[in-house]
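Working notes for the structure below.
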Amino acid sequence: MSGKPPAIFLMGPTAAGKTDLAIELTTVLPCELISVDSALVYRGMDIGSAKPSKEVLAAHPHRLIDILDPAQSYSAAQFRADALEAMAEITARGKIPLLVGGTMLYYKALIDGLADMPAADATVRAELEAQAEALGLAELHRQLAEVDPESAARIHPNDPQRLIRALEVYRVSGESMTAHRRRQFAESRGADAGAGGHLPYTVASLAIAPTDRHILHQRIALRFSQMLEQGFVDEVRSLRARSDLHAGLPSIRAVGYRQVWDYLDGKLTENEMRERGIIATRQLAKRQFTWLRGWPEVHWLDSLACDNLSRTLKYLGAISILS
């Protein structure tokens, strides 16, 4: 192993069983957990985010859960700063940071650093927002596909915040967001060619998912139905009652929350809300798989295997991450 301290990434699509395996690992390894999930950072968003229960969190604390109010935004840059601080504290106590979650952009921000993007431009942003209002998001997505096809392929056509930001970067700088990120990636590898790039840790990357995609789809549908039974609609209703929350916020645009919000707005029937929530979650899982297919040196585990703990320990021993 290199002179860097170890860290473990436990990644995977939604509903794959990441949290259960992470908790198992903490019982046999000197690990402390850091959540890597853009929805779990929000207080009061428990059911729809599949947040671990209060009992689980009390027994197995996770950093970066319940750190923000839903009215606030949280960026990859903020996550990187918070995660690095938590990792340093954990390492200083002789423990191993175990990062668990499915927000792949956050993992990438940790590994590669963040591209030096142009600052927001209020005039350009107002113009793009006016276009979105007048012409629709599909037109903005078409424009983005012309100047930055890679970002267009990655950004959902109904994600106004990311669409507008990608077009804003291009209009302000004359260079696509993809080009900015490629340059930053090259610089990070040049600055530190070791594992982790800008990240001062030796990272073991694990990913867990069912080998049969149909099984994952069944899990997603079952979990969404269970969320509804547990009071997901009432949870969103309480958020909707707040005057400072609206459908344009990143928290409310989270998968599931957006669909239930639309249902409470009368835009969807209950059946439509359920179906669209499941579809949106499946689409999220597909995007997570896309990220993971390009992830270097990732060790895959089958969610359905009964010996994932021993398989994980064997792998970590084989790459000497624990020595």
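Positions of Cβ are set from backbone N, Cα and C atoms, glycine also.
Over in Swiss-Prot, the protein carries these features:
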- Gly12, Pro13, Thr14, Ala15, Ala16, Gly17, Lys18, Thr19: ATP binding site (BINDING)
- Thr14, Ala15, Ala16, Gly17, Lys18, Thr19: substrate binding site (BINDING)
- 37-40: region 'Interaction with substrate tRNA' (REGION)
- Thr103: site 'Interaction with substrate tRNA' (SITE)
- Arg125: site 'Interaction with substrate tRNA' (SITE)
- 161-165: region 'Interaction with substrate tRNA' (REGION)
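DSSP assignment over the region 'Interaction with substrate tRNA' (37-40) gives 0 helix, 0 strand, 4 coil.
In the region 'Interaction with substrate tRNA' (161-165), helix, strand and coil residues by DSSP number 5 helix, 0 strand, 0 coil. Calculated from their C-alpha atoms, the gap between Arg125 (site 'Interaction with substrate tRNA') and Lys18 (ATP binding site) amounts to 38 Å.
Of all the Cβ atoms in the protein chains shown, 24 others lie within 10 Å of the Cβ of Lys18 (ATP binding site). The CA atom of Thr103 (site 'Interaction with substrate tRNA') is located 9 Å away from the CA atom of Pro13 (ATP binding site). Apart from the site residues Thr14, Ala15, Ala16, Gly17, Lys18, Thr19, the chain places the Cβ of Gly12, Pro13, Asp20, Gly102, Ile208, Ser303 no farther than 8 Å from the centroid of the site's Cβ atoms, the recorded substrate location.
Close to Thr14 (ATP binding site) in the fold, though at least 6 residues off in sequence, lie Ala50, Gly102, Ile220, Val255, Thr281, Leu284, Ala285, Gln288, each with a CB less than 8 Å from its CB. All protein chains considered, the CB of Arg125 (site 'Interaction with substrate tRNA') has 16 other CB atoms within 10 Å.
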